[in-house]
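Below is one structure, written out as structure tokens; the observations come after it.
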Amino acid sequence: MQLPSQQVAVLEAARADEATSVDALAAATDLPPETVTGALFELETEGLVAVSERVDETVALTDEGRDYVTEGLPEVRLYEAALEAGADADPVSMGQVIGASGLEGGAVDIALSNYARKGYGAIDSGEITADPDADPDADAEANALAALADADDAPVDSVDVDSETLESLERRGLLDRHESTVREATLTERAVTELMAGIETAETVGQVTPELLTSGEWETVEFAEYNVEADAEQFDGGNVHILRQTAERVKDTLVGMGFQEMDGPHVDADFWINDCLFMPQDHPARTHWDRFALENPTHIDALPADLVDRVERAHKEGVGPDGEGYHSPWDEDFARALALRGHTTSLSTRYLSGEEVGELEPPQRYFSVEKVYRNDTLDPTHLLEFFQIEGWVMAEDLSVRDLMGTFEEFYSQFGIEDIQFKPHYNPYTEPSFELFGTHPTTGELVEIGNSGIFREEMLEPLGVDCDVMAWGLALERLLMLMYGFEDIRDIHGTLCDLELLRNTEVTY
Amino acid sequence: MPTVDIDPDELRDLTGHDEKSDDELQEALFGLGLEFEGRTEDGAFELEFAPDRLDRLSVEGVARSMRYQYGDARGVHVPSPNSPEWTIEVDDSVPDERPYVTGAVVRNVDLDEEALESLIQLQEKLHATMGRKRAKGAIGIHDLTMLKGRDARSASENESGDEPRGSAATEGTPTIQYVGVEPDGDRFVPLDSDREMTPADVLEDHQTGRTYADLVSEYERYPAIYDDLGLFSFPPVINGRRTEVSTESRDLFVEMTGTDQWTIDKMLTIVCYALSARGATLEEVRVEYPDHEIVRPDLSTKTKTVAHDRIETILGIGLDPDDVIDLAERSGLEAEKEESEDGDLVYEVTIPPYRVDVLHPLDVIDDLGRAYGFNDLEPRYPDVGTVGGRHERSRLERAVREQLVGLGFEDLLNFHMISEEENYDRLEVSPGDDIYGAGEPATIKEPYSEDFTMLRTWVMPSLLMVLERNTHRSYPQNLAEIGFAAAVDESEPTGVAEGRRVGAVLAHHEAGYEDAKARLQALARNFDVDLETPPTDHPTFISGRTAAVVIDGDDVGVIGEVHPKVLIEHDLEVPVSAFEFDLEALR
């Protein structure tokens, strides 16, 4: 039989006729007690030792108890002082006796409360008497203290003090009791047989060490077995936020489809957010409470004057020989008001106007996946800030079929098929479509976006004389469709649950 | 999105399709862009509508559209009104802010409960949409039999006389007057009230008056309409009780006032079409302004010239001219083939007067597409070649995010809006302090709640808030965010400097300055920039354990151990070390 060296040592130190404690085995083998315990459990599993457990009680004096060992118990000191003062004959004033005894503070009370109880005499009306027959040398408590003076956590069985006295000492706070579990091992018959047959020491190692490798020792050692099925402690590495992952995937898809990315201000003038989109200034969405206007600063410094003129004319008179404008007022100051953008179409108007990257010649494709802000009611599916996937294609002669085809291609990349188009109205696109997709698991029809062909009243002032088709949709909606999240607030914002973020399945 | 309630039985009745089931109706309505949202308590359909077809704000208009869709009606239908009997005289005293008025008489109306309810709903929906909550246009409908029209001549005599307005005898053309009055002048009994009130009383004491008080309270004189018997309407606020319309009413006087003639004329047209659909007869009204006269309702059609070629490009299909004409008629339009000056095929398309959404030939093409069925068009991927690419800022952000995750940080995404308390106070910072993260706030005028009153000036507050909310989760919590931050900066065109920040916190039992510095160094190495961290003071961090982040010689951020005061404020019981700097610095 082969066993690791530590187990062999423990086996050899143990006996078949007597139980040996872990501490004794540790002393005999010169191994740490934990190691001995570990080895015993391994040996028990092998059927080589029987391990028994018992609870040992030990006692030790408290600091107060130790003090009395040297100074004597307060009641004994009081008795001795009383004898000196002649209280065995006549009562003596208590103050005088206490003064003579040298007792102070709390010790006085302790002395007084134990004096009569233990028959040293009586205290009455401020006078003290002493019983001449009392014998301090026979005081059980005092003797017990002396007996325990050297015992430090001695097993309760090993001290020569009766249990009644131990209890009274404990009550007086002079003694502490401790319970501890003691494991003892006894060799089994099988162990005796194996020992007689001879047990070899097997070299096993836990950790592969540099020494082990460089010395060449690794060739002869045996590696201790691990419980390879046990769960390890949880490890939390970093993850890219799930909504960012989805945004990255959208960006990759659109770049693959030939789109360039746009970037631009979150705080922008209404001119870029709404007026350039041919949104009348008295449109409910512009005065509506769902817009976040800025309190400070309030207005943009400058707008391109030519463009402002053209936009104003389009609003008032329309575009083309048959065009009509809105029967609504138009005011440049209103257009200069700053707000948090309610859609990233403000980026599209900036790019289409030539303001960002110069005049654009068709064909062009542009996109952005950026935040927009709406003063909507916060609930599980609506946030005040969310990501809009904005995109547009500029080319000669685009049709609604091209728009539909682009969407089908884009959404199929996310497993969303059977796109449906519901004719819709937007002030800045015509024709316009709301997009609906079928949820891959629930089969439910879900609105996934809004799209259309930009109106000429929007494009002409921007200086674009070909077609532009465009769309915007909420990234969060796509994410919820893909992952089935129920409350978007769990992942987006400061109410997020770290555990959810740590454990979310990655997307690719 | 706004909704309109439609009784399905009424709809069956008005379309003449009793056989259609509710499901069939809903499907046809979806085709019109009216989405079924649910039912009202009375079992009516609640339909969501896009705010372009304002001629479909009541069951009459919806039924008209469905009759075109079912093929029961074709082309343009215009009712012929009778010649005017009544006159609205516009007085010089009318407030300049609300100078326009229009009107029509409608006779032989059969108003049962449903019809009356529908008329009230139409008024409400028109007020909410075209009328811009009555600011731009307000509707008043009156029982004509309760009006006593007087002669215009005697009215003007009356102006100079001592007699109270409206008491003159009638002779000649019946006339009502649109005038401006003293707020505390004449009294009348408004709807939903049983006592006489002046217009000023109405704004103060009447529920509807209080709702619309803001529309006129700044006016010097209030708009009012008078007949022989006196004030009977206080537009745009409330009508008088005397002329209240009931199911007993047979003849109606419809008047509208507003800030734009075209808008109120179109609202009137829509109301007239709805009542006409119920078999009523329209009768014109003469509107006499001080300097000109018009006759209303304006039921004239307009035309748009639409190029055949443009129809084919937008729809992406080839069409015969006959197909185009057929599609137009099925849309309630009429198209006539013509040749343009350049010899191209074009159509003169007639637009009925109730349409308010046709601004451009493109809008006609949309109608043709709907009649054709957009969903019958075959999608195709556009044959347009372009080259895609990411914005540089976005590429940099992605690269830094990947490095941070590699360094063991959980990537976060927090709100850009925050409160002053979270952004400054809880981090021991004051707005405008000359320290990193303490810019002047760009503030929101009407915030959603006190938690979102400004744009955050740095991301550190958001990271500490996430730590605060997740103390029950296991540590270490090493969090990072590359996020948007903004502050007022007059040198920017918008007055706001916007940027992305790289923020990171390390929270665990042994988190210290060196942990943060080690990771910051790693980033600097990865992006090949020169990093220095000279000591600095920052109230968020422990003095003596705080440094400026200086990258390539520019002071771009801060690093340190978060001050126990800030930790306690965020209920944190572990040390936190942190850094934040401008993303641009790694460019």
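Using N, Cα and C of the backbone, Cβ positions are placed for all residues, glycine too.
Mapped onto DSSP helix, strand and coil, the region 'Disordered' (B:1-24) counts 11 helix, 4 strand, 9 coil. The region 'Disordered' annotation in TrEMBL covers B:1-24 (among others).
As annotated by TrEMBL, compositional bias 'Basic and acidic residues' applies to B:9-20.
What TrEMBL records for B:151-175 (among others) is region 'Disordered'.
Across the domain 'B5' (B:299-379), the model assigns an average pLDDT of 95. Under the heading domain 'B5', TrEMBL lists B:299-379.
For B:Asp366 (Mg(2+) binding site), the number of other Cβ atoms no farther than 10 Å from its own Cβ, over all displayed protein chains, is 26. Per TrEMBL, Mg(2+) binding site is recorded for B:Asp357, B:Asp363, B:Asp366, B:Asp367.
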With an 8 Å cut-off on Cβ-Cβ distance and a minimum sequence separation of at least 6, pull the same-chain contacts of B:Asp363 (Mg(2+) binding site), or say none. B:Lys304, B:Asp357
Counting only residues 6 or more past its boundaries, what in the same chain has a CB within less than 8 Å of a CB in the region 'Disordered' (B:1-24)? 34, 37, 40, 42-51, 56-60, 62-63, 66-67, 70, 72, 114, 118, 121, 125, 128-129, 277
Indicate whether B:Asp357 (Mg(2+) binding site) is helix, strand or coil by DSSP. coil
Among the binding-site residues B:Asp357, B:Asp367, which residue has its Cβ surrounded by the fewest other Cβ atoms within 10 Å? B:Asp357
With helix taken as DSSP H, G or I, strand as E or B and everything else coil, how many residues of the domain 'B5' (B:299-379) land in each class? 33 helix, 19 strand, 29 coil
